[in-house]
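Here the structure comes first, spelled out in structure tokens, and everything after it is commentary.
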Amino acid sequence: MKLENTLFTLGALGSISAALVIPNLENAADHHELINKEDHHERPRKVEFTKDDDEEPSDSEDKEHGKFHKKGRKGQDKESPEFNGKRASGSHGSAHEGGKGMKPKHESSNDDDNDDKKKKPHHKGGCHENKVEEKKMKGKKVKGKKHHEKTLEKGRHHNRLAPLVSTAQFNPDAISKIIPNRYIIVFKRGAPQEEIDFHKENVQQAQLQSVENLSAEDAFFISTKDTSLSTSEAGGIQDSFNIDNLFSGYIGYFTQEIVDLIRQNPLVDFVERDSIVEATEFDTQNSAPWGLARISHRERLNLGSFNKYLYDDDAGRGVTSYVIDTGVNINHKDFEKRAIWGKTIPLNDEDLDGNGHGTHCAGTIASKHYGVAKNANVVAVKVLRSNGSGTMSDVVKGVEYAAKAHQKEAQEKKKGFKGSTANMSLGGGKSPALDLAVNAAVEVGIHFAVAAGNENQDACNTSPASADKAITVGASTLSDDRAYFSNWGKCVDVFAPGLNILSTYIGSDDATATLSGTSMASPHVAGLLTYFLSLQPGSDSEFFELGQDSLTPQQLKKKLIHYSTKDILFDIPEDTPNVLIYNGGGQDLSAFWNDTKKSHSSGFKQELNMDEFIGSKTDLIFDQVRDILDKLNII
């Protein structure tokens, strides 16, 4: 099956190198997009955006507000549904692509009612006022017409298309991952809900009418017959999302004609082609859980410390951590009944982790033996199928679920609830929709960790690593090197252990596995966010602003980064922060809560007991052993 939209893979593995730079996405509709419509299915297309607020309609456009005509091949006007409706603030714009675009007609006068009526086309579907009633009688269609003039704000025009974005436009390898005719539509922040509902209703009607003229063998129906993704062969809106009115939109299958019209609506920020998200294989081998030990020591590990995790045994209590992944083996003994199933997003999939990746990540966050915060609650949010694949839109829906579940728990104000964290060890090509979803989830209060990716490239080229409000995590090794696969760059915030990490797995209630990747590094940070949240001082302490109940994600992100160990890692590019996370070593955290000036370096000193003193003297031997093991590819 040929697929059409953006690639996503689990952060533990290799994925596609692709960048998409969109200036000022919050006002993406204010940028002009140049797209070669004729060949957009055959090869990636270059999209350019230029600020042009004063652009006037072209000479080829008639001037009559809110009316759209599509020229047929023989020059006749083909009627098209209108999406703006009388509640919209402006009329639609030109959609000229390859000479076949939809043309808006702008009113030249509002005074001559008779002339105006002569100019008005009859619309098929579209809005309530211009609805065409169709009846089938004896195999023939009889069309009734009901037409009312629309009221649009005088003098305002929507002359530019909302951007159509796709990683495949910038990386040919991603074309095979695009899902044909399936799109994620994102509204501008603050778009009125009444107008959104009106727009969606019209889109649904127009899509149903759009497929009436298609033959049963049309390629559109090939994509919509995939019952693992589609709920209707006719297509249309399948699902919607809304995170506290900060990030909203809908998902569905649409013909090209309807996509063109959707992009003309002033409510729409951008349209993104949906795509397949995949997990690839990863190495499994026996190893010790050195990662926990590393984040609890500032100095380099030695034979006396490499397997010692220093922590507060109350860490994690009162915090809920959402694992947005392949699911979680919630019956694993190491979760001690603190793990529950939240939601399965993929259509017709089962409530279990048939892959293992999500269970492994959850174990690093909160399991008894392998977790950073050993008392936290875990919620499984399945966005990838048991075979390790899913869609970008399902990932967006998973983020929405976590955000709403957090808001509900926070509003209930249950005794002992201290906040929510989330981990998403996914990575792939740039997706504005996913980045905005993650940022919106952070804005409503979730402390978010995401994997930097495993392509040894600039993390800013991938999503959700480029979501600026999350904490983006690169992977380090036992020898304090940047892992050879780990992405880098200014979008990386911190590093955490990510090579040969032992954690919980699937197959039984006590299964374990050792995996590698930034997918394994990110849960260390999600666990550490959970750790600090659970141990935060009371709201009446000096650490909080007056009236504040808990640290905001922005505040905790800043403190976590500042408290981390600086300049201790090797092979870190110049534009990449040399920062390794640190949990405080199980000691008093007053320095963490108070610390706003002092930077912590690898020269941190503390009083050593006898065991630690002896261990420190073995550093040289340990380094030599490590070099030998490194050469044998054992570590």
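Using N, Cα and C of the backbone, Cβ positions are placed for all residues, glycine too.
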Key: N-linked glycosylation site: annotated position in Swiss-Prot, out of Asn387, Asn594   = Asn594
Inquiry  = Going by the disulfide annotation in Swiss-Prot, which one of Cys361, Cys491 is bonded to Cys460?
reply    = Cys491
Message = For each of Ser519, Asn594, count the other CB atoms within 10 A of its CB; which of these recorded positions has the top count?
response = Ser519
Ask   = Cα-Cα separation of His357 (active site, charge relay system) and Asp325 (active site, charge relay system), in Å?
value = 7
Inquiry  = Rank aside, I only need the closest one: which of the recorded positions Asp325, Ser519, Asn594 has its C-alpha nearest to that of Cys460 (disulfide bond)?
reply    = Ser519
Message = Quiz question: given the disulfide-bonded residues Cys460, Cys491, which has the greatest number of C-beta atoms lying within 10 angstroms of its own C-beta?
response = Cys491
Key: Neighbour count (Cβ, 10 Å) for Asp325 (active site, charge relay system)   = 32
Ask   = How big is the Cα-to-Cα gap, in Å, between Asp325 (active site, charge relay system) and Ser519 (active site, charge relay system)?
value = 10
Ask   = Could you count the residues of the domain 'Inhibitor I9' (182-278) that DSSP puts in helix, in strand and in coil?
value = 36 helix, 32 strand, 29 coil
